[in-house]
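Participant: Got a structure for you, written out below as structure tokens; questions coming shortly.
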Amino acid sequence: MPQRNYPPLKPLLNLPTKIRPFSSFSSSSQLFYPVFLREEEAFFSNQSIIDQGSLPKASFPCDHIRTRDTITWNQVISGLGRYGCSSEALQLYREMTHRGLNGSSSTFSSLLSICASNGALIEGMELHSKTVILGFESNSYVGSSLITLYAQCGRFEEARTLLELLEERSLASFNGVLKGYSEWGFGLELKELFFEMREGGIEANSVSFSYLIQGFGRAGLLCHGRELHCHMIKLGLATSNIFVMNSLVDMYCSCGVLSEALHLFKLIPAMDVLSWSSIVSVFAEHGDIVPSIKYLYEMLWWGKRPSLSTFPKLLNQCSSLKLFLKGKQIHGLLLKLGLNGSDYVRSSLIDMYGNSRDIESSLNVFDEIHDRNLVSWNSVICALSECGFALEAIRAFKTMVLENIRPDEISLSKILKACASMASLNMNEQFHTQVIKNGFESNLVVSTSLIDSYAKFGEIELAHLIFYQIQAPTTTSLTAFISACARNGFERESLKLFDLMLVKGLKPDSVTFLSLLSGCSHGGLIEEGKRIFETMEKNHGIIPDIRHYSCMVDLLGRGGLLNEAEELLKASPFGVNSTMVSSLLRSCRIHGNLKMGRRVAEALMELEPELAASYLQALNMFSETESFTDSLEIREMMKEKKFEREPGYSLYIM
């Protein structure tokens with residue numbers, strides 16, 4: 001018999017890429033043969049194959065076992081659930097029932113846990129009815145799994161009822177409800193249940209404390225979190241259990257106390273992937289991308305493989321902070337680690353490349369996705385729209401609908417923005433019907449996009465109609481309508497809407513004031529504009545930025561208050577830009593103030609010495625005021641810089 005060369009059965013870590021670890025074999029039959037699979041060895045063979053992670057072939061042993069009992073099925077179902085193959089586990093249970101086996105309490109406990117992990121409430125409820133019929137509902141393990149299912153799916157009334165009905169309430173059953181409250185961020189309910197546990201004589205363990213701490217963090221209850229932290233220090237759990245320490249780091253991160261989170265992180269004796277991922281993610285979420293990447297590389301140096309959940313946050317921050325080179329480096333790391341296959345990671349990459357105007361890279365990443373879902377389609381539609389490819393964005397939307405993927409508020413709001421940029425009212429109306437067809441006419445995000453798009457087409461009556469259909473307007477929706485009125489010559493109506501916003505107790509933002517100042521500028525409402533500008537910081541705590549200063553310079557200049565406009569321009573804490581100076585020069589030209597015009601023209605040409613438009617604007621002003629000496633001087637400067645202007649001509653017909 002020829003000698004077989006089997007791979008070694010020891011754990012293979014940090015090996016060259018050409019050497020495959022034990023779990024990488026495509027079929028368990030490469031190592032296990034039917035000859036071994038006698039009935040008495042069924043349990044061990046099933047367990048071995050599951051532990052190898054050869055899940056596509058996990059049902060392989062069942063085909064070679066003469067008597068397939070409940071234990072055999074339980075092992076495979078449990079293994080599939082452990083490796084995230086929930087649909088396969090449920091399908092295997094259906095096959096089991098078709099073969100005349102009802103399953104045991106262990107079967108239902110495993111299946112209910114799988115449903116809880118995946119939020120499969122309907123399937124879980126079907127299994128619940130089965131447990132009642134078979135009499136397993138009173139089993140403590142099944143009861144705890146049912147409680148966990150309903151709690152994780154947000155059905156806390158049912159979870160609490162089941163908890164009350166249990167004859168023997170165990171720590172596991174309480175932990176099931178604690179986990180649900182924690183994931184849904186119900187901090188006060190967590191505290192009440194914790195006291196109820198203690199009154200019932202059930203002492204919390206490290207798992208209970210982890211859920212409590214995480215829940216307080218998600219609810220933003222820093223005070224409660226600190227109290228529990230002190231209690232755990234007294235119990236000796238705060239620095240001895242890695243799960244508790246990870247939860248504490250996560251809690252302080254969620255509450256924005258980065259210094260405390262970092263201090264606890266450094267105290268963890270043996271940091272695991274969760275520890276590193278928490279600290280990387282929190283710095284990314286707070287916009288501190290440099291320390292976030294630093295800890296990511298430290299994590300890799302210590303031989304820890306990052307989890308997929310770490311990267312979308314990093315990529316999103318690189319995108320929002322315009323650190324596109326860093327984003328490309330992270331993309332390279334993802335490729336090297338083989339972690340670029342996740343839909344959420346790819347969607348984040350599409351968004352990042354779209355924001356950097358690198359539409360080719362966005363489309364390349366999109367083309368790699370085989371099973372495209374709503375998230376990936378939304379990302380590519382957004383990228384195309386942001387990069388100015390409105391028609392391609394519309395085509396992508398139509399393709400998505402043809403593939404039977406129902407659009408959501410993000411898809412519809414982005415496509416309406418694309419229609420507005422194309423100046424196609426007909427197309428906008430077509431997509432408005434899509435909004436109604438998909439039931440989003442009362443959606444706040446979509447309604448705001450409709451108001452904005454119709455306003456850009458000058459359809460202020462339609463924008464008005466959509467706005468007054470919104471049941472509970474927000475700052476964003478009111479700002480959109482204020483902008484619509486200001487843009488279409490209804491400046492006084494925009495001021496009335498601003499008063500309505502304040503009456504409703506809504507807090508205006510910087511965009512609200514920008515729309516108001518722009519409207520006042522174009523409507524000649526000088527005193528109203530000055531009053532709004534003065535009250536921004538004083539009454540509303542919003543510090544004006546360079547855009548607000550530009551609007552005010554334009555407003556004062558249009559109103560003929562040139563000296564005030566010049567003083568405000570000089571007083572700008574952000575310096576000056578070409579928009580502000582051009583606006584003042586245009587006002588000098590309109591009001592015939594040649595003396596100030598010379599100063600402003602010189603400032604503009606110094607600010608933008610290589611921009612022909614700066615010289616042309618100055619030239620036009622001097623020509624209109626018949627200052628021919630200045631005009632000739634500007635022309636000479638333009639010749640030196642090789643700026644060319646096509647000479648005008650007139651056609652005189654006899």
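Cβ atoms are placed via backbone N, Cα and C, with glycine included.
Pulled these from TrEMBL:
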REPEAT    69-103  repeat 'PPR'
REPEAT    139-173  repeat 'PPR'
REPEAT    205-239  repeat 'PPR'
REPEAT    241-275  repeat 'PPR'
REPEAT    373-407  repeat 'PPR'
REPEAT    474-508  repeat 'PPR'
REPEAT    509-539  repeat 'PPR'
Participant: Can you work out which residues elsewhere in the same chain, 6+ from the ends of the repeat 'PPR' (373-407), have a Cβ less than 8 Å from its Cβ atoms?
Facilitator: 343-344, 346-348, 350-351, 353-355, 357, 359, 362-363, 366, 414-415, 417-419, 421-422, 427, 434, 438
Participant: Quick test of the contact rule: Cβ under 8 Å, at least six residues beyond the ends. What residues does that give for the repeat 'PPR' (474-508)?
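Facilitator: Those are 444, 447-448, 451-452, 454-456, 458, 460, 463-464, 467, 515-516, 518-520, 522-523, 525, 528, 532, 540, 542, in sequence order.
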Participant: Which value does the mean pLDDT take for the repeat 'PPR' (139-173) in this predicted structure?
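Facilitator: Result for the repeat 'PPR' (139-173): average pLDDT 83.
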Participant: Counting by DSSP secondary structure, give me helix, strand and coil numbers for the repeat 'PPR' (69-103).
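Facilitator: Per DSSP, the residues of the repeat 'PPR' (69-103) fall into 26 helix, 0 strand, 9 coil.
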